[in-house]
Every structure is written in structure tokens, then in C-alpha cells.
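Visitor: After the C-alpha cells below, expect a handful of questions from me.
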Amino acid sequence: MASRFLLVGLLLATCSLVALASDPSPLQDFCVADNSKVLVNGFVCKDPNMVKADDFLFRGSDKMGNTTNAVGSNVTAVNVNQLPGLNTLGISMVRIDYAPWGQNAPHTHPRATEILVVIEGSLLVGFVTSNTENKLFTKRLEKGDVFVFPEGLTHFQQNVGNGYAVAIAALSSQNPGVITIANAVFGSNPDISDDILARAFQVDKKVIDKIQSKF
């Protein structure tokens with residue numbers, strides 16, 4: 001009887017893991033993305049006989065990104081769009097470079113949990129939980145520290161050192177997506193009505209118009 005309950009428990013746990021996975025599990029050794037074909041939910045597979053080692057290779061993560069921009073950071077993504085061999089494998093990564101006091105502005109990944117390790121420098125990181133609690137979890141990270149951002153939650157990083165900082169992050173989706181909060185709210189195309197945003201942020205419409213003009 002005890003073994004039967006144990007078996008049922010294991011089956012339920014397995015089903016839960018499958019249900020919580022961001023991407024479907026692969027049904028073969030690999031499914032290299034064929035970017036020339038019509039999109040399905042992801043990418044169709046390249047003919048296995050046409051697959052080469054280069055389909056599983058990305059070069060360039062050793063190179064610093066250009067941080068000369070408004071937020072002072074650069075994200076070098078390695079997802080299925082850059083590395084076709086990631087198709088169906090449910091994982092991707094990014095390199096993030098930060099100028100002194102630069103930030104990776106508040107954003108979300110709608111399809112992935114993120115785990116980040118600091119390679120160089122010091123970062124202030126954090127994420128905010130869902131409505132209505134909206135609780136902020138934040139921590140200062142040093143070289144070698146690791147922090148996790150749960151799937152779909154708004155999160156950020158800021159370089160709090162005087163030199164450049166570098167982090168590497170892994171994400172639990174071949175194509176995690178990114179929604180930068182400020183860009184989505186103030187830089188949508190077409191613009192969200194300033195009446196709506198003024199009421200949402202409880203400020204004058206002129207303030208909204210000024211912010212929108214920067215995006």
C-alpha cells in the first residue's frame with residue numbers, strides 16, 4: 001500500500017513539473033530551428049541530415065556590449081533566434097554589460113525564470129511580487145553571487161560600483177521574451193492615451209506627454 005502511494009506521489013510530481021515547464025519537452029535528441037519556414041509555436045525542425053555543428057554554436061559572449069545609451073547597459077542575447085540548436089530545449093542565456101551606475105531597467109520575461117551570476121563588479125538587483133502585495137525583494141550582489149528572478153515578475157539590476165560590471169544569466173525558455181516596463185507603457189505604438197496614463201500614475205497629462213516624448 002505504501003509503495004502504491006509513493007508511486008502516485010511520484011506521478012503527480014512528474015505531471016506538476018511538466019505542467020510548470022515554460023517550453024514543451026523535446027521528443028527527439030534535437031530539433032534545430034529552421035528559420036526559413038513558417039512559424040508555429042516556436043520553430044519547425046530542420047532536416048536532421050542538414051544539421052551541422054555550427055547550429056549548436058554561438059560566438060561573441062566574450063565581447064563587451066556597447067553601453068553608450070540612455071540606461072547605460074547592453075544585453076547580448078543567446079536564444080533560439082541566435083542559436084538555432086536551442087529550439088525545443090527550453091533554455092537560453094544573456095550577457096549583460098553595465099556602465100558605471102548603468103542599469104538593466106525594470107522589465108519582465110513573460111515565459112521564463114532567470115538565474116543571474118555576477119562575473120565582475122557589484123549589482124543592486126531586485127524583483128517585485130504581483131498585485132496586491134507588490135513586495136520588493138532586493139539585494140546587493142558581488143562577484144560570484146547568484147540571484148534568481150521568478151518567471152513573469154518585474155525585476156531590475158543596477159551597477160552600484162565605480163567600474164564596469166558584467167553578469168551572465170540563464171533563462172528557462174528558448175525564447176523568454178522581454179517587456180521593458182517604461183518602453184511598453186510610454187513607448188507603445190500607437191501611444192496609450194495620456195488621459196489613461198495620467199489617471200493611472202496620478203499626475204498631470206503634461207507630465208505624461210513629456211515622458212512619452214522621450215520614447
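Cβ coordinates are placed from backbone N, Cα and C, and glycine is handled just like the others.
Just lifted these from TrEMBL, have a look:
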- Asn104, His109, Glu114: oxalate binding site (BINDING)
- His107, His109, Glu114, His155: Mn(2+) binding site (BINDING)
- Cys31-Cys45: disulfide bond (DISULFID)
- 61-209: domain 'Cupin type-1' (DOMAIN)
- 1-21: signal peptide (SIGNAL)
Visitor: Counting each residue once, how many in the domain 'Cupin type-1' (61-209) are helix, strand and coil under DSSP?
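Guide: Going through the domain 'Cupin type-1' (61-209) residue by residue, I get 22 helix, 57 strand, 70 coil.
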Visitor: Write out the long-range same-chain contacts of His109 (oxalate binding site), meaning residues 6 or more apart in sequence whose Cβ is under 8 Å from its Cβ.
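Guide: The list for His109 (oxalate binding site) reads Phe149, Glu151, Gly152, Leu171, Ser173, Pro176, Gly177, Val178, Ile179, given in order along the sequence.
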Visitor: Measuring Cα to Cα, how many Å separate Cys45 (disulfide bond) from His155 (Mn(2+) binding site)?
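Guide: Roughly 33 Å, rounded to the nearest whole number.
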Visitor: Between Asn104 (oxalate binding site) and Cys31 (disulfide bond), what is the CA-CA distance rounded to a whole number of Å?
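Guide: On Cα coordinates alone, these residues lie 32 Å apart.
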Visitor: Looking only at Cys31, Cys45, which of these disulfide-bonded residues has the biggest number of Cβ atoms within 10 Å around its Cβ?
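Guide: In terms of Cβ crowding, the pick is Cys31.
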Visitor: What is the set of residues, excluding His107, His109, Glu114, His155, whose C-beta falls within 8 angstroms of the centroid of the C-beta atoms at the Mn(2+) site?
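Guide: Other same-chain residues with Cβ inside the cutoff are Thr108, Ala112, Phe127, Phe149, Leu153, Thr154, Pro176, Val178.
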Visitor: Far apart in sequence but close in space: which same-chain residues, 6 or more away, have a Cβ under 8 Å from Glu114 (oxalate binding site)?
Guide: Val148, Phe149, His155, Ala169, Ala170, Leu171, Ser172, Pro176
Visitor: Quiz question: given the binding-site residues His107, His155, which has the greatest number of C-beta atoms lying within 10 angstroms of its own C-beta?
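Guide: Buried the deepest by this measure is His155.
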Visitor: How many other Cβ atoms sit within 10 Å of the Cβ of Asn104 (oxalate binding site)?
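Guide: Asn104 (oxalate binding site): 26 neighbouring Cβ atoms within 10 Å.
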Visitor: Which residues, in sequence order, are found in the same chain with Cβ within 8 Å of the centroid defined by the Cβ atoms of Asn104, His109, Glu114 at the oxalate site, excluding those residues themselves?
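Guide: Apart from the listed residues, the neighbours are Val94, His107, Thr108, Ala112, Leu116, Phe149, His155, Ala169, Leu171, Pro176, Val178.
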